[in-house]
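*Asks:* What Swiss-Prot records for this protein is below:
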- G31, P32, I33, N34, S35, G36, K37, T38: ATP binding site (BINDING)
Amino acid sequence: MIMKFFDREREINEILGILDETPDNIYFIYGPINSGKTTLMMEIINRLKDDKKYRIFYYNLRGVRISSYSDFFDIMFEIREDNKFKQMVKDADVLVEGIKFIEKTAKLFNESIILPSDLAKVILSKQKGFDVFRYLERVFREMNKKGLKPVIIIDELQRLKGLKSNGELIDDLFNFFVRLTKELHITHCFCLSSDSLFIEYVYDRAELRGRADYILVDDFDKETALKFMDFLSEDILGRKLSEDEKELIYSYVGGKPKDVYDVIIKLKLGKELKDILEFMLKEEIQKLKYFLEDVKEDDEELYNKIVDALKIFKENYEIEDIKIPKNIREFLVKKNILFLNPIEGTLKPQSFLVWNAIKKLLNGH
């Protein structure tokens, strides 16, 4: 069963408002793991399905290893044999005709840009001096002239981490985005990630001050989480949960949409609520225990510093980031134990389950 969309009207209205205006910023959509960033963008795309002026290019990098330009372009483009295009370009400029082809074949929603093989041979060749991004700029310019509004969405941006050792593609990609948004105002660009450290790396490396903005998609607050439980239980279980049941669920998993959904699905399978929640917590405790065990085996001094840092969360769910030394907090963020909000300057566990695991595991410390 696929989880139905719920709420997020504030974020939806903000993004729809951005799309309605002239492009002027790159937008980083960030938040904890499984807070609903992708679901939100899919809902926005769904709401735009009848608006023929948009051309959305959505690239989900999940599960993809990217370590070179070639890897990235393999995701961005789909190469096809096209005999009609082959005949068309016999006596014409392949690049000019290519722009017309891309514009004509682009739909409202695209997970790749279709390239005829004859065009791909030219723009993806190793010829010195050819700039694929400049060519795409020409494509988007032509779309814009015809009243179309291109939108680029990069989901799971952190998958570009493999390029940190060869940062030229990150530079070129975000210079391209700056060109499309801040300079030419022809294309909206959104980048989604739960890795706020990598977002900050990109922000600094690509010199995006004054050229980028942030939209937080956080876990639900308590009031919204309880309403979400009502929504799911009525839809999936055909009944309402009691107030005590909802409070119990929230005490274990908080407002993380995926965790709440998993609880309701397991209830549908006939499992007892307390058993479901205890199992989820035990699983999280074991993950944290083994993580700490690995750290201790490698570096006991680091282990002690991490335990000291995590103990701060025994009494607080969210703290100021500088309460934990920079190298320790960044280590815990990279390991997905903590989530850093770089705008608010705060740290919190990636989920209520992680928070509860920290409190249980460190109870004797």
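Backbone N, Cα and C define each Cβ position, glycine as well.
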*Asks:* Judged by the number of other CB atoms within 10 angstroms, which among G31, P32, G36 is the least packed of the binding-site residues?
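*Replies:* The binding-site residues G31, P32, G36 were compared, and G31 has the fewest Cβ atoms within 10 Å.
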*Asks:* When you average the Cβ positions of G31, P32, I33, N34, S35, G36, K37, T38 for the ATP site, which other residues in that chain have a Cβ within 8 Å of that mean position?
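*Replies:* My list of surrounding residues reads S194, V217, D219, P257, K258.
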*Asks:* Residues with Cβ closer than 8 Å to the Cβ of I33 (ATP binding site), same chain and 6+ apart in sequence?
*Replies:* S194, N336, F339, Q350, S351
*Asks:* Name the residue among the binding-site residues S35, T38 whose Cβ has the smallest number of other Cβ atoms within 10 Å.
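*Replies:* Lowest Cβ count within 10 Å among the binding-site residues (S35, T38) is T38.
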*Asks:* Provide the number of Cβ atoms within 10 Å of the Cβ of N34 (ATP binding site), excluding the reference atom itself.
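*Replies:* Taking all protein chains shown, N34 (ATP binding site) has 18 Cβ neighbours within 10 Å.
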*Asks:* Under DSSP, is K37 (ATP binding site) part of a helix or a strand, or is it coil?
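*Replies:* Note: K37 (ATP binding site) is helical by DSSP.
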*Asks:* Taking 10 A as the limit, how many CB atoms besides its own sit near the CB of K37 (ATP binding site)?
*Replies:* 24
